[in-house]
Amino acid sequence: MEKWRFNSMLSKEELEHQCGLSKSLKCTGSIGNTNGGEDLAINNMIRGWVDSDNSSNIDHLVGVSNIRSLISDDTFLVRDSNGKNYSIYFDIENQIFEIEIEGDRSFLSELESFFSSYLNLNYSYPNDGSKSDNHYYDRSMYDTQYSWNNYITSCIENYLRSEIHIDSYISSSSDNYSKSYISNYVCSGGGLNSTDSESFSIQTSANGSTFDMIGKFKNFDISPKYSHLWVQCENCYGLNYKKFFRLKLHICEQCGYHLKMSSSERIEILIDPGTWDAMDEDMVSVDPIEFHSEEEPYKDRIDSYQKKTGLTEAVQTGIGQLNGISIAIGVMDFQFMGGSMGSVVGEKITRLIEYATNGFLPLIIVCASGGARMQEGSLSLMQMAKISSASYDYQSNKKLFYVSILTSPTTGGVTASFGMLGDIIIAEPNAYIAFAGKRVIEQTLNKTVPDGSQEAEYLFQKGLFDLIVPRNLLKGVLSELFQLHGFFPLNKNFIK
């Protein structure tokens, strides 16, 4: 169960915006209607909440920022402008709605009244059963199970339809709210400084169906408080909802940028379920040169990364099936000491290549590395020669098929050795691929490195790669490449 905390105040425009969502529920009165037929009851309700000093500010709960957040089994901690605290618990699967209130208990009845009027404005009847224009009364008001279920269902439907974008129009007078929505709920410090605010802008599409952040913010960071909910794009600084981010293969919804993935996630999307067999999982570094930095000993640093990632080293190797085709695969993990290549990484990859050579298996190595590991000195540099030697026997002597996949970043000794030795070299979109980094080149040669000159698209034009393949297409492309080179599925059900 997750707990979300909100502390905000919505203006009339924001509440009009959230009421505008009721179009999907066939609301008879639309706030944006220009024919003069706006719903007077809604306007009165807005005016009453904005002007009243004693109101409970229900809009804190049901405003635009929260309407997208009604996910199963969540607790909302709400504070109104009067300092009252409310704990609202939703469990959609088990159909539970509970409210814990500090102080005035009238909040519950006010909440029910609002939800009822919001839910079915086109089905309103007075107590005597005759039709009326009184939108505060609803036939489902006292059927709370019906009200909650329908309201929450509509919220989730809108949420999924927009894929966590903010729907509908935002008026010019609510620009300040638009900015504060991001800063209050997601960003650290509860707001942006003056410099950031000047470069911040919000645009909506012609039909008002998307909410985009334009501009880049160097100091626009997600606070640790909300890091479990959102992932910020490194390219456009847009926010991606974490629950759906893995299903989207860590591709930014705003700009399509490919963010970093862990080795386990890459194995999951490439290898058929139930076919993964890891190799050499117990192989760990023994600190061969007894490297000690001023910050912490090398072995302590290794231990901390092992606890952080759940891995023993910066690469996972093993055997599996890709669409029924048996393969040997190694996947580097940048989260483990920057994917640096030490003696253990070199030994695991060498053993993997030798196993593939003896078993006549196609080979895939997914590269994500900052290069050789400086804490192991020349031993890490020797891994380049050792892996290249094993690769030569695999490719030149045995005539087997090796596919190298370069992800961001692939630099240093990995680029200079097995990363660029594949029979087919595939790069991910926007991947940063280089031998020496931009800063190192500029400081060494005193020359400016052009922007984008070390990205996959530019290098592809220069002939360094064979393909640039997005993640969602990668498994299918690899399967076709293997079949083209004579490797077919063991299971006939995979053969089309």
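The count begins at 1 with the first shown residue.
The backbone N, Cα and C atoms fix where each Cβ goes, and this holds for glycine too.
Copied over from Swiss-Prot:
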DOMAIN    229-496  domain 'CoA carboxyltransferase N-terminal'
BINDING   Cys233, Cys236, Cys252, Cys255  Zn(2+) binding site
ZN_FING   233-255  zinc finger
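One residue stands out among the binding-site residues Cys233, Cys236, Cys252, Cys255 for having the most other Cβ atoms within 10 Å of its Cβ: Cys252.
Confidence for the domain 'CoA carboxyltransferase N-terminal' (229-496), expressed as mean pLDDT, is 92. Same-chain residues that are not part of Cys233, Cys236, Cys252, Cys255 yet have a Cβ within 8 Å of the Cβ center of the Zn(2+) site turn out to be Glu234, Asn235, Tyr237, Gly238, Asn240, Glu253, Gln254, Gly256, Tyr257.
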